[in-house]
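Here it is, the structure in full.
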Amino acid sequence: MRLLHTMLRVGDLQRSIAFYTNVLGMKLLRTSENPEYKYSLAFVGYGPETEEAVIELTYNWGVESYDMGNAYGHIALSVDNAAEACERIRQNGGNVTREAGPVKGGSTIIAFVEDPDGYKIELIEAKDAGRGLGN
């Protein structure tokens with residue numbers, strides 16, 4: 001397994017991109033918009049997503065701020081097969097909260113589990129890891 005990204009919800013995507021790129025020296029790796037589900041994404045990091053963990057900045061259209069209680073999104077891990085990973089996690093007492101399947105609006109196969117504290121961990125099939133929504 002490999003750490004892929006950490007998602008942060010932001011109230012102003014351009015302000016956040018400027019901070020991570022100009023202040024912290026990260027590169028803007030890619031952006032996308034999903035008009036159907038009304039959100040925009042920006043991925044920033046120090047290297048390519050295929051080699052380095054990155055930050056996913058998510059702007060939900062019309063939402064300008066979050067309280068710290070809901071600002072955390074998830075940690076993502078690369079797995080060879082999401083369904084098999086879910087089964088191994090379940091067999092070891094883990095809590096699978098979303099079975100392996102395509103992400104909304106795309107074809108990338110993902111699943112979600114929770115750690116003992118309830119933090120969400122996304123499992124992304126390695127073959128799809130750098131494809132975003134799989135478009």
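For all residues, glycine too, the Cβ spot is worked out from N, Cα and C.
Okay, these came from Swiss-Prot:
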- Glu122: active site, proton donor/acceptor (ACT_SITE)
- His5, Glu56, His74, Glu122: Ni(2+) binding site (BINDING)
- Arg9, Asn60, His74: substrate binding site (BINDING)
- 2-126: domain 'VOC' (DOMAIN)
CB neighbours of His74 (Ni(2+) binding site) within 10 A?
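Within a 10 Å radius of the Cβ of His74 (Ni(2+) binding site) lie 16 other Cβ atoms.
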Give me the DSSP three-state residue breakdown of the domain 'VOC' (2-126), ordered helix, strand, coil.
22 helix, 58 strand, 45 coil
Out of His5, Arg9, which of the binding-site residues is least crowded by other Cβ atoms within 10 Å?
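Fewest other Cβ atoms within 10 Å, among the binding-site residues His5, Arg9, is found for Arg9.
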Cα-Cα, whole number of Å: His74 (Ni(2+) binding site) versus Glu122 (active site, proton donor/acceptor)?
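Approximately 7 Å lies between the Cα of His74 (Ni(2+) binding site) and that of Glu122 (active site, proton donor/acceptor).
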Between the residue listed as 'active site, proton donor/acceptor' and His5 (Ni(2+) binding site), what is the CA-CA distance rounded to a whole number of Å?
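If we compare the Cα positions of the residue listed as 'active site, proton donor/acceptor' and His5 (Ni(2+) binding site), the gap is 9 Å.
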Given the Ni(2+) site residues His5, Glu56, His74, Glu122, which other residues of that chain have a Cβ within 8 Å of the mean position of their Cβ atoms, reported in sequence order?
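Near the Ni(2+) site, beyond His5, Glu56, His74, Glu122, sit Leu4, Thr6, Met7, Gly73, Ile75, Ala76.
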By a simple count, how many Cβ atoms lie within 10 Å of the Cβ of Glu56 (Ni(2+) binding site), its own Cβ left out?
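Summing over all protein chains shown, Glu56 (Ni(2+) binding site) has 21 other Cβ atoms within 10 Å.
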